[in-house]
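Notes follow the structure.
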Amino acid sequence: MPYDEEKQYGESPSPTRPMGIDEKQAAATVDDDSRGTSTEQEYQGTVVKQDNGILSKLRNLEAAMDRKLGVESEAIDRKLPSERQTLTWRSQLTMCLLWASGTMNLSCFATGFLGWEFGLSLKQSILICLFASLLGGAVSGFCATLGAATGLRQISIGRYSMGWYPNKIIAALNTIQQIGWSAVGCITGGIALQAVSNGSVPIAVGIIIIAVVSLVVSLVGLKVILVYERYAWLIYLVIFLIIFGMTGRYADNTTPTELTGADLSGTVLSLIAIVYGSSASWATVASDYYVLYPADVSRTKVFILTTLGIGLPTAIGMMAGCVVSSALNNRADWATTYGPDNRIGFLIQEMLYPRGFADFILVLLVLSGVNCNILNTYSAAISCQQLARPFARIPRFIWTIACFGVIIALALAGRNQLLAYLQNFLSLLGYWCTSYFVIVFSEHYIFRKGNFYNYDLEGWNDPKSLPLGIAGFSAFALGVVMWCMGMVETWYVGPIGKMIGASGGDIANELTFALTLSYIPFRWLELKYVGR
């Protein structure tokens, strides 16, 4: 029997909530509709006011750009079967290669220096980078499996567990997260550009250049992004292999860590939190890039390819940073070049040879920040559209430009403290992504029996067809309490995290995971007394 997605996932009533209005009517009932008229229409008892103001004109402009350039004028809408692409071996490889291009970059290389900064040995740093990265990648891999089956972006999927209004918190946090990651990419790219220009190009100028290039590609839309990211990874894999080959002989693989007991445990936990947060941070955007795949694509294949596509390339970049940073123990000249200002760009320029080749590698590494920023900026704009219904009226390209401005401001503010920026920001990413994962995973497998028949996909944009979100909000709020109790940041150390060693041990993710499981009894009570 031929596969019919609308029949399989769109018409079966949910056992936990009533069926919503159909998709076209759902789009019409949204009070942010802007079809360019000044009339009022009524759908399902909801009055929809339409106008021909500036927002309507902007959306008409976006629609025209969509017809000519494919910029996705309706980016947050659910993708229907007619809009899906045929599954090919090339598109299946993209499930993995897309993430490899976005993660194998200079930011991950810089993160690899943290193990050395914390006083861990090379072996310890490499093992943590590998396994913590794969663990975070698995969290993102699960979330990716929901995209093709539903045709919805990741933030929209969260509505089925968090509810309409609490899910706006997720949209806001995701926007902040993607903008922050883009700022990191701009900083590292700016540092590399400064080095390759021998200091003639300030970091600030490099930041603006990286942000502008990222903006241009992000404006075009998903189809172009998928094609670009499918091939970009190969360049950076070769670069990191060159770095391993040229610096590996100087790596310090013999000096043990001086940390012992609780101090060692605390430091290991803190580095795990940072590395895990780097890979897990893709969880809230993962399904954004699968909505054009057929709904019956193997979810096991999606999970495996996404997990490996995020976890392994991230680990490769970080392990290169581990090797180079350990070599600073044996190469005093490299340590002097790196200096207290963490001049990674100048270090790369000195450790690779000949000089012209090193400059060429630096130019390519500058572009690595673009790969990551393209994904971040694209998803940040989609999240902005889901913060509130009026925000959905604003075209995606306007939100992309707005995010671009904020990214530049953040990058300029943090350009001189890259490692401190990474240490604090990446840890925070893991905390709330852990809460999000536990809630969405529990909803899917416990309350919807892992079956998409039990989702009212036509009601994705109708608050009456979604949970109230009492359970999701309560469990998420308890998770926030655990973040504060277990986190270890330069600006704040939680009371529980403070108890592990002299410098503290970050166990916020572990505590958050445990307490967010309260979603299960909360959701059971919500279904029993509310009914949806």
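For all residues, glycine too, the Cβ spot is worked out from N, Cα and C.
Owing to the predicted nature of the structure, the values given are computational and were not obtained by experimental measurement.
Copied over from TrEMBL, here are the features:
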- 1-42: region 'Disordered' (REGION)
- 93-113: transmembrane segment (TRANSMEM)
- 125-148: transmembrane segment (TRANSMEM)
- 169-191: transmembrane segment (TRANSMEM)
- 203-226: transmembrane segment (TRANSMEM)
- 233-251: transmembrane segment (TRANSMEM)
- 271-291: transmembrane segment (TRANSMEM)
- 303-328: transmembrane segment (TRANSMEM)
- 360-382: transmembrane segment (TRANSMEM)
- 394-413: transmembrane segment (TRANSMEM)
- 425-447: transmembrane segment (TRANSMEM)
- 468-488: transmembrane segment (TRANSMEM)
- 500-522: transmembrane segment (TRANSMEM)
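Long-range contacts of the transmembrane segment (271-291) within its own chain (CB-CB distance under 8 A, at least 6 residues past either end) are made by residues 78-79, 95, 98-99, 103, 108, 111, 114-115, 118, 120, 125, 128-129, 132-137, 139-148, 150-155, 157-158, 170, 173-174, 177-178, 181, 222, 225-226, 297, 302, 306, 310-311, 314, 318, 375-376, 378-379, 382, 422-423, 426-431, 433-434, 436-437, 488, 506-509. A Cβ distance under 8 Å defines the sequence-distant neighbours of the transmembrane segment (360-382), meaning residues of its chain 6+ beyond its ends; these are 75-76, 98, 101-107, 109, 153-155, 174-175, 178-179, 181-182, 185-186, 188-189, 192-193, 195-196, 206, 210-211, 213-215, 217-218, 221-222, 225, 228-229, 232-233, 235-236, 239, 242, 284-285, 288-289, 345, 348-349, 352, 396-397, 399-400, 402-404, 407.
Sequence-distant contacts of the transmembrane segment (125-148) (same chain, six or more residues past either end, CB-CB distance under 8 Å): 95, 112, 115-116, 154, 157, 268, 271-272, 275-284, 286-291, 293-295, 297, 299, 302-304, 306-312, 314-315, 318-319, 322-323, 325-326, 430, 433-434, 437, 440-441, 444. Here the transmembrane segment (203-226) has Cβ contacts under 8 Å with residues 66, 69-72, 75, 94, 98, 182, 185-187, 189-194, 288-289, 291-292, 366-367, 369-370, 373-375, 377-378, 381, 397, 400-401, 404, 407-408, 411-412, 415-416 of the same chain, all six or more residues outside its ends. When each of the listed stretches 93-113, 169-191, 233-251, 394-413, 500-522 is scored by C-beta pairs under 8 angstroms to the transmembrane segment (303-328), 93-113 comes out highest. Distant neighbours of the transmembrane segment (233-251): 97, 100-101, 104-105, 109, 122, 313, 316-317, 320, 323-324, 326-327, 330-331, 334, 348, 351-353, 361, 364-365, 368, 371; these residues of the same chain sit at least 6 beyond its ends, with a Cβ under 8 Å from one of its Cβ atoms.
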